[in-house]
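These notes concern the structure reproduced below.
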Amino acid sequence: MDLPLLHRDRLQQVHPGSEVVQLALSHLLTMIHMAFCSSLAYILVRIFKVVDPVTMSWDLYLKSVVPIGLLYSLSLWLSNSAYIYLSVSFIQMLKALMPVAVYTIGVLFKKEVFKSETMANMISISIGVGIAAYGEAKFDSWGVILQLGAVAFEATRLVMIQILLTSKGITLNPITSLYYVAPCCLVFLFFPWVFVEYPVLRESSSYHLDYVIFGTNSFCAFALNLAVFLLVGKTSALTMNVAGVVKDWLLIAFSWSVIMDTVTPINLFGYALAFLGVAYYNHSKLMALKAKDAQKKSQQPDDEEAGRLLEQREGENNGAKKSESQN
């Protein structure tokens, strides 16, 4: 749920050069998203019962979900802030570093096995992003730091989901994720905003809240999560990954053709190199999943045969005991 592209340009037109006000508005938009998504998720889970809630104690919620909500709020905060300083196309190129961050943090937390081949692939992705950054026409160091920080927090969140939830047998789909995570994320976003950035907005004479834009943005943010839920449910997570890659290319084309962001040939070359690395990584993960499924299927006939032999032996033993008792 990044800051929408057209709304980002609207902020820059209303407050040209006022980066503090733009940041405050972008964070306000993030909080409105969280409040809106929390409310709709509650309605879908508790009233319409579209999905069943996960059985979870308060102790588990505080120890497992709240840390994930904190990481999610930091990721959203930094990511939306980066749109003030960087072009949309360049941010999408920086997001190609996500597999690198997830794999590195996964190795550190021992959730991934270190492999030289995989690390070489991660280096190739990093080189591609580095080339894209070198060719960026509107490079801003602070914006890059914000976006890389968002990638780091998001990657940590994904690894923490495996450690804190998946390892305990808890699986959350996009709707239940919003139901549990969005409320605590809203709390983490509210307190720093109300004490640090709200006074800035209050002192700005040109500030006013456009309810139509903020409302439609919030609805689109929830619709995105609902679309992810339906897509993964009808297809697979791999289809979602492929769709995400297509979305990144479409966003780059959109930012170049509609928003008139500057995209240089070096940008495209670097991102294409990173894209090939990400595609190879996804392909490797797919092959590993297929091999794992094939191994499970090959073990099933052996287990069934072992079960039949065990039942046969038990039957023979029971028959022998009966004959002995009759004698």
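Every residue, even glycine, has its Cβ placed from backbone N, Cα and C.
All annotation found in TrEMBL is predicted automatically rather than curated by experts.
Remember, predicted model here, so these are calculated numbers, not experimental data.
Looking at 211-228, 265-282, the range tied to transmembrane segment in TrEMBL is 265-282.
Taking TrEMBL as the reference, the stretch among 118-135, 298-315 described by the feature transmembrane segment is residues 118-135. Contacts between the transmembrane segment (60-78) and the transmembrane segment (177-196): present, as 3 or more C-beta pairs lie under 8 angstroms, all at sequence separation of six or more. Highest Cβ pair count under 8 Å relative to the transmembrane segment (141-165), across stretches 20-48, 84-106, 118-135, 265-282: 84-106. Within its own chain, the transmembrane segment (118-135) is flanked in space by residues 90, 93-94, 96-97, 99-100, 103-104, 144, 264-278, 280-281, 284, which lie at least six positions past its ends and keep a Cβ under 8 Å from the stretch.
Most Cβ pairs under 8 Å with the transmembrane segment (265-282) belong to 84-106, among the candidate stretches 20-48, 84-106, 177-196.
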